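Some features that Swiss-Prot has for this protein:
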type: DOMAIN; residues: 2-66; note: domain 'LCN-type CS-alpha/beta'
type: DISULFID; residues: 12-65; note: disulfide bond
type: DISULFID; residues: 16-38; note: disulfide bond
type: DISULFID; residues: 24-48; note: disulfide bond
type: DISULFID; residues: 28-50; note: disulfide bond
């Protein structure tokens with residue numbers, strides 16, 4: 001497991017809009033992470049950051065987000 005921005009297909013982050021929103025924690029835990037939160041103005045803008053996300057779940061990597 002590792003910490004990181006959980007990625008949608010095509011290397012895009014799950015966008016979020018509030019540091020205290022429960023949205024990211026839900027997205028992260030649903031995918032097997034210990035927890036998650038909305039990182040505001042992070043490397044990829046406002047995106048969900050997951051703690052202890054399983055290795056088989058994709059994380060955002062450098063490069064373009066292909067929508």
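Keep in mind that glycine also has a Cβ here, set from the backbone N, Cα and C atoms.
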Reading the DSSP string in three states, the entry for residue 24 (disulfide bond) is helix
A 10 Å Cα radius around residue 28 (disulfide bond) captures, of the disulfide-bonded residues 12, 16, 48, exactly 48
Cβ proximity for residue 24 (disulfide bond), under 8 A, sequence spacing 6+, ordered by residue number, returns 14, 16, 36, 37, 38, 48, 49, 50
Out of the disulfide-bonded residues 12, 16, 28, 48, 65, the residue with the smallest number of other Cβ atoms within 10 Å is 65
Residue 50 (disulfide bond), Cβ-centred 10 Å count of other Cβ atoms over all protein chains shown, is 27
In DSSP terms, the domain 'LCN-type CS-alpha/beta' (2-66) comprises 8 helix, 28 strand, 29 coil
Counting across all protein chains, other CB atoms within 10 angstroms of the CB of residue 38 (disulfide bond) number 22
